[in-house]
Amino acid sequence: MRISVLGAGAWGTALASHAAQSHDVVLWGRDAALVAQMAATRANERYLPGIPLHASLRFEAEMSAALDHATGEDALVVIASPVAGLADLTRGVAAHGGVRNVIWLCKGFDPESGALPHAIVAGVLAQTGRADLATGALSGPSFAKEVAQGLPCAMTVASASTALCTRTQRAFHHHAMRVYASDDLVGVEVGGAVKNVLAIATGAADGLGLGLNARAALVTRGLAEMTRLGTALGGRPETFMGLTGMGDLLLTATGDLSRNRTVGMQLAQGRSLDEILAHLGHVAEGVRCARAVAALARAKGVDMPITFAVCEVLFDGLAPSRAVDRLLQRDAKAESVR
């Protein structure tokens, strides 16, 4: 299969190198110097230092050439950008008449409109007259570094197109990666977005030294918040028990490679948000979309106390320790996700 990955950050590079073990893969990056460095050294020293990339992976600095590579039904374009870059890259893909199949990897809500990635893509395709494209999301618990190292992982592709799900499985379900299929695109995307916000909370708890019991409580009640919002938006409850819900939440909330968890830990240690983001070097989607998640919850009448507390810590100056006190002082209630 011919595959073009658009975006040479950590995740795009890792997935492209994985796919290149079995397919004809081109990795496009907008930074020509980075593309040249990867071609010369067979590594992405900026985002995945010290990890060799597959010998057959090819690199391209011209988007038109990368899209030429992925034309026709038996080909796939993968958009590997943060949510903020999704619309622009989708416009570029839509302008190329030969592309038929597109998936994206980003997780989050648009901070301005509150739109999920599939809604952003659908809006662009409607504007450009490309509703013929088969589209979907690939998501799940997967740190880019571990994928690049060839360590095992499992993911989910979500799309209304069974053919696209099957094609995506063929592209990536090999070697150390398993790919499951789902038609619950809303549920898959909500899980991938909300877990980033919740990971900030668990990181803060760990940074405060609150222990493993507190972490378990936050993950479990956070999952309830995710499920409440996701079902209110049209997702299926069982989706949140799977890889893109509980699975991704567990990884992001507890793994030391998690950028969102790192933000929470460092906030608890007294660093300012601006300082943390300046030194992080990567996007922390939980910070970008926390307000959008909270606004959607309030608009839908969904109770999300952990998420609301994260927003107050991030943007209103609430001390993490005070946020914990508030959560602990909430009235007793029956355990429920509703």
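Residue 1 is the first one shown; counting continues down the chain.
Cβ atoms here come from the backbone N, Cα and C positions, even for glycine.
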From LYS195, LYS333, the one annotated by Swiss-Prot with LYS107, GLY140, SER142, ASP248, SER258, ARG259, ASN260 for sn-glycerol 3-phosphate: LYS195
Same-site residue for NADPH (record: Swiss-Prot; known: TRP11, ARG30, LYS107, ARG259, VAL283, GLU285; options: ALA65, ALA66, ALA70, ALA144): ALA144
Within 10 angstroms of ASN260 (sn-glycerol 3-phosphate binding site), Cα basis - recorded positions out of TRP11, ARG30, LYS195, VAL283, GLU285: LYS195, VAL283, GLU285
Maximum Cα-Cα separation in Å among residues LYS107, GLY140, SER142, LYS195, ASP248, SER258, ARG259, ASN260, which the record lists as binding sn-glycerol 3-phosphate: 16
Separation of alpha carbons, ASP248 (sn-glycerol 3-phosphate binding site) and GLU285 (NADPH binding site) (Å): 14
Entry from the binding-site residues list SER142, SER258, ASN260 having the most other CB atoms no farther than 10 A: ASN260
Sequence-distant neighbours of ARG259 (NADPH binding site) in its chain (C-beta under 8 A, six or more apart): LEU280, HIS282, VAL283, ALA284
Cα-Cα distance maximum in Å, computed over every pair in TRP11, ARG30, LYS107, ALA144, ARG259, VAL283, GLU285 that the record assigns to NADPH: 23
In sequence order, the recorded positions (GLY140, SER142, LYS195, ASP248, SER258) whose C-alpha falls within 10 A of TRP11 (NADPH binding site): SER142
